[in-house]
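This report refers to the structure that appears directly beneath it.
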Amino acid sequence: MHNTLDKSEAKERVTFLRNELHRHNHLYYIKDAPEISDAEYDRLFRELAELEALHPDLADPASPTARVGAPPTGDLATVTRTIPMLSISNAFADEELFKFDERVRRSLQTGDPVTYLAEPKLDGTAVELVYEKGRLVMAATRGDGVTGEVITPNARTIGSVPLHLTGDAVPMPNLLEVRGEVVMTKEGFEKLNALRLERDEPLFANARNAAAGSLRQLDSRVTASRPLTLIAYGIGRFSEIDAISTQHEIVTRLADFGFKTNSHVRWDLDIKGVIDFYRFLEGIRPSLPYDIDGMVVKVDRLDFQRTLGATSRSPRWVIAYKFAASQETTRLVAIDVQVGRTGALTPVALLEPVTIGGVTVSRATLHNEDEIARKDIRVGDAVLVQRAGDVIPEVVQVITGRRTGNETPFQMPATCPVCGTPVVREPSEAVTRCVNAACPAQVKERIKHFAAKGAFDIDGLGDKLVDQLVDRGMIASYADLFTLRVEDLESLDRMGFKSAQNLVAAIEKSRHITFDAFLYGLGMRHVGAHVATLLARAFPGIDQLAEAALAGQLNSIDGIGGVIAESVKNFFSNPENRQTVDSLINHGVALQFPEKEAATGHEMPLAGKTFVLTGTLEKMTRDQARQRIEAAGGKVTGSVSSRTDYVVAGEAPGSKRDKAEALGVAILDEAGLLSLLEPGER
């Protein structure tokens with residue numbers, strides 16, 4: 001496309017791209033308020049680089065392609081570093097990584113093997129820490145690579161930043177400059193935003209922005225209150241550099257000095273091994289405690305690094321292989337209001353289709369009316385949409401600079417968009433609800449929940465089939481499912497005799513159900529799978545549970561708070577709900593109850609013990625581990641305290657392991673947990 005531009009058109013386009021990239025650099029580095037996604041920035045940057053390559057006479061030393069980032073703000077003192085913190089060139093496909101390998105080998109012209117170190121590309125804020133004779137004397141942000149902002153008081157508040165280097169087994173250097181990434185865990189980010197929501201403060205768009213904003217505070221007490229972690233990955237100047245010959249030795253030495261380093265680092269890899277590791281990181285990405293946006297690949301030998309050198313922007317011995325974008329910019333064309341199984345009205349953004357992470361996204365959650373108002377989201381807005389793993393895409397930010405004046409503010413409807421019943425919003429809730437329990441939308445969603453895994457688990461009863469059954473008047477309640485016959489189902493779309501036969505068999509099989517799955521399937525508000533398990537353990541049957549709930553006795557059960565107790569009480573106070581339960585029993589639903597074992601018996605080896613799970617386990621998921629612990633009489637909580645008996649730490653355990661160590665709580669690996677669950681099992 002660029003080959004078709006004449007000289008004046010190319011010059012005009014180059015000027016536009018440079019101005020745009022400078023503006024976005026300033027918004028990203030200085031204001032901590034980016035307007036576009038990383039992927040969109042990368043596209044603009046690549047377009048400019050291609051144009052400059054085609055028209056070398058348009059080269060400019062002040063071009064964004066010749067610079068590392070943006071200049072620092074004047075609010076904090078600045079420092080100029082001797083060895084710049086350069087940017088890293090990006091790759092977006094396997095082919096580009098193979099070309100990188102070819103360039104490296106062609107430049108080195110060596111008969112020695114060329115191997116690589118690969119590590120996750122942390123999505124945080126880069127910093128440099130300077131140590132003299134083992135003491136932290138200065139910390140600075142990356143800034144524009146050469147000049148950074150001094151943040152020493154703030155860095156000292158981060159628990160993972162050593163104030164003094166440790167390690168008796170290695171000589172203490174006179175000078176060491178450590179490069180690392182300050183990140184905020186996903187859990188810490190969610191808790192921080194929840195706290196800011198309570199205080200009516202603006203929410204951070206993502207953990208990276210939260211980390212950057214926390215580091216650049218003028219008041220270090222604010223930084224101290226934020227859940228930040230430093231993960232070290234490299235060095236600048238080092239007085240003992242002659243004793244080190246590889247990049248992986250640097251990582252090992254940093255760990256010896258007391259720094260937290262990335263547990264997912266691999267070395268001695270050829271380029272095919274590097275690509276295999278990239279696939280591995282893609283797979284574990286959702287389960288990591290912190291955000292990563294790709295993989296960094298470095299030539300391992302330091303003498304090879306020195307031979308390869310660097311351009312004005314980036315080293316030639318390193319490249320970042322980035323994941324497919326998790327954020328993209330698109331336009332919000334309409335807002336649809338959906339009705340859930342509890343009557344909650346949820347606004348959903350209808351978007352111009354955009355590809356995020358290899359998936360086409362045309363809808364995104366807007367959460368509720370208050371979130372729309374807080375973010376000032378309007379129909380017609382250009383918006384930043386985020387998709388993380390299997391999480392429903394969400395609109396995280398409005399790009400107000402692109403508004404035309406034709407955008408329309410959103411207003412929640414006064415009546416249910418499905419059944420027309422006037423909607424209600426309680427003063428204490430952020431949710432507007434349709435109060436008509438017979439609303440077809442609520443009926444459909446309740447039955448879908450009832451039939452889902454973890455509840456009645458009716459194989460073959462998908463969402464579209466439920467919609468058909470309700471729309472045709474064939475079912476209106478849970479119990480109606482147990483009256484369906486093969487001949488009834490054959491008339492439905494895409495439902496032949498064999499499929500109908502299989503579905504009837506699956507419904508029949510679901511009649512035999514454990515008490516906890518039954519309770520979960522009823523769809524009581526605030527009663528998820530875990531709460532259902534707690535309730536099922538506490539009572540020998542549905543009648544005893546209902547009696548205790550109506551008497552206000554559920555608060556005495558460990559793990560059941562006031563909100564849950566009130567919700568269960570309200571459920572059983574409604575005669576229609578009692579009738580629903582009775583109808584299911586009358587239609588042959590048979591509840592199964594686990595045999596009660598003595599708390600001290602062999603079958604309940606974890607009775608009275610409290611566990612916290614963190615990191616990625618190898619032989620089972622964390623949810624499976626929770627189920628096994630609870631089945632053995634143990635209790636699983638979400639946070640570490642002095643009352644915790646064990647922390648089970650898998651790969652990339654995060655801050656929970658650190659807290660356990662600080663409190664003296666016993667830490668188990670997966671094999672240790674298995675030995676408690678089943679002596680002799682590994």
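Cβ coordinates are placed from backbone N, Cα and C, and glycine is handled just like the others.
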Item to complete: Determine which of Arg13, Arg18, Arg142, Arg341 appears in Swiss-Prot for the same NAD(+) site as Asp38, Ala39, Glu40, Tyr41, Asp42, Ser87, Ile88, Glu119, Glu181, Lys298, Lys322.
Response: Arg142
Worksheet item: Expressed to the nearest Å, what is the distance separating Arg142 (NAD(+) binding site) and Lys121 (active site, N6-AMP-lysine intermediate) at their Cα atoms?
Response: 16
Item to complete: Measure from the Cα of Lys298 (NAD(+) binding site) to the Cα of every one of the recorded positions Lys121, Cys416, Cys419, Cys434, Cys439, then give the nearest.
Response: Lys121
Discussion item. Within the domain 'BRCT' (601-682), count helix residues (DSSP H, G, I), strand residues (E, B) and coil residues, in that order.
Written reply: 27 helix, 17 strand, 38 coil
Item to complete: Return the residues near Ile88 (NAD(+) binding site), defined as same-chain residues 6+ apart in sequence whose C-beta is under 8 angstroms from its C-beta, sorted by sequence, else 'none'.
Response: Val296, Ser314, Pro315, Val318, Ile319, Ala320
Response to the item:
If you measure between the CA atoms of Asp42 (NAD(+) binding site) and Cys434 (Zn(2+) binding site) and round to the nearest Å, you get 45
Worksheet, complete the sentence: Mapped onto three states, the DSSP assignment of Cys434 (Zn(2+) binding site) reads strand
Fill in: DSSP-derived structure type at Lys121 (active site, N6-AMP-lysine intermediate), helix or strand or else coil
strand
Worksheet entry | Position of peak Cβ density within 10 Å, selected from the binding-site residues Cys419, Cys434, Cys439 | Cys434
